[in-house]
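Annotated signal peptide per Swiss-Prot: 1-18, in sequence order, evidence recorded as sequence analysis. What Swiss-Prot lists as N-linked glycosylation site is 121. Residues or ranges marked as disulfide bond by Swiss-Prot on the basis of similarity to another entry: 141-208, 186-237, 196-239.
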């Protein structure tokens, strides 16, 4: 699935003359994650401000189309949920790179950029009103996200329930690249470590719990067989509730 994801991204973004995200010096030179998304200036600097505004609209439509295509392909390759109830989500949280990635995975950036375009089309007053921080919106559970290496993970659980060794480096034509995993988990130092935010403690027991999903990674099993397998990694922090008894 990772190869399919990269192929689709390259096909859509390889012909673009400008990348919409950030400056070129932000990304690592050895990254293989987004080979088609490179910044060589802004749309305004190439064709003027009017061309830039037209380009932003076109990019927004392209991003939406890419996301729809990715979701369609994800539904095709996802295994039978009746036989794999634990395989509830497949994500593109794996990157092969010579150095630590400086940005979240591409789909995270697409969502962030789409939100930016939506905000750019609002008036200043509406924009302030739509800001979650100004509306007092808070997450039920505090979470943290970061890139980790196979050296941090060591081992993982595959789809058959077996424990496999996560290989730190992946051989490529010009040498070796490290495997990086973008993990999201509950923040042990956050304000929700004693329970979920906004829950009535008189009637409910609550707990913020880290949940996992499957990603594809290069691993080695107990019989020393090396191959690409789906393994569990931390991908979200959710609130679990149990009702208090005896009241």
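Note: Cβ is positioned from N, Cα and C throughout, glycine not excepted.
All features noted in Swiss-Prot, drawn onto the structure.
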residue	record	DSSP class
141	disulfide bond	coil
186	disulfide bond	strand
196	disulfide bond	coil
208	disulfide bond	strand
237	disulfide bond	strand
In the chain carrying residue 239 (disulfide bond), residues 6 or more apart in sequence that have Cβ under 8 angstroms from it: 140, 141, 196, 199, 206, 207, 208, 209
Other CB atoms within 10 A, centred on residue 186 (disulfide bond): 21
Neighbour count (Cβ, 10 Å) for residue 237 (disulfide bond): 23
Packing count at residue 141 (disulfide bond) (other Cβ atoms within 10 Å of its Cβ): 24
